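Peer 1: Have a look at this one.
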Amino acid sequence: MAWQGLAAEFLQVPAVTRAYTAACVLTTAAVQLELLSPFQLYFNPHLVFRKFQVWRLVTNFLFFGPLGFSFFFNMLFVFRYCRMLEEGSFRGRTADFVFMFLFGGVLMTLLGLLGSLLFLGQALMVMLVYVWSRRSPQVRVNFLGLVTFQAPFLPWALMGFSLLLGNSILVDLLGTAVGHIYYFLEDVFPNQPGGKRLLLTPGFLKAPAGSSLIIWTQQ
């Protein structure tokens, strides 16, 4: 009965958040069960473009490392801020939200080539946090129960936390940069004199086929 209640609650989560979170958890479970290896998932331009292992363009965004503190920390932030975006500024705009994922993923992949980054899921998480924080400037956030501050400082707090854990902040910087580019093009530039929206959701995401896929995900 508890599992049924948990499943029913999960089905109430918006479609994109549900699909991405589930994909991340299932990918990690497959690695833990040794059904998959991280070597089959990481981003490698040579294997993608020479060996046509194109799934790596997606799977590198789904693996957050083995089960442990880092995995659960990242999953908490992915689920929370992805859901708040989808239920907030992207409510009723599922195609636009999917396009944000695509835009961020493509830009991170191109920029990630410069830093030889293997997994970009954390960068995508930081992007989600950054966009939400800039759209919620008056919200106060309690970080790990230790300190409270305005939402726009959250991405920088995450970066500082990565430093404290001894991790590289290159991925955090990438996510912040891509998040800022999206926010500027979507929220700032269109409201400037002479500005206009440059990020237009492609028609195939709003076409009947794309709509059918989104509806199927929501079921």
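Note that Cβ sites are derived from N, Cα and C of the backbone, with glycine treated the same way.
Model, not experiment: these values are computed from the prediction.
Copying in the features that TrEMBL gives for the protein in this structure:
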{"type": "TRANSMEM", "residues": "20-42", "note": "transmembrane segment"}
{"type": "TRANSMEM", "residues": "54-79", "note": "transmembrane segment"}
{"type": "TRANSMEM", "residues": "99-132", "note": "transmembrane segment"}
{"type": "TRANSMEM", "residues": "139-158", "note": "transmembrane segment"}
Peer 1: With Cβ-Cβ distances below 8 Å as the criterion, list the same-chain residues six or more beyond the ends of the transmembrane segment (139-158) that contact it, or say none.
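Peer 2: Cβ under 8 Å, 6 or more out: 77, 126, 129-130, 132-133, 172, 175-176, 179.
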Peer 1: I need to check the long-range neighbours of the transmembrane segment (99-132): which residues 6 or more away from its ends have a CB within less than 8 Å of a CB in the stretch?
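Peer 2: Residues 16, 20, 24, 41-45, 57, 60-65, 74, 77-78, 81-82, 84-85, 88, 90, 151, 154-155, 158, 170-172, 174-183, 186, 199, 201-202, 205 contact the transmembrane segment (99-132) from elsewhere in the chain.
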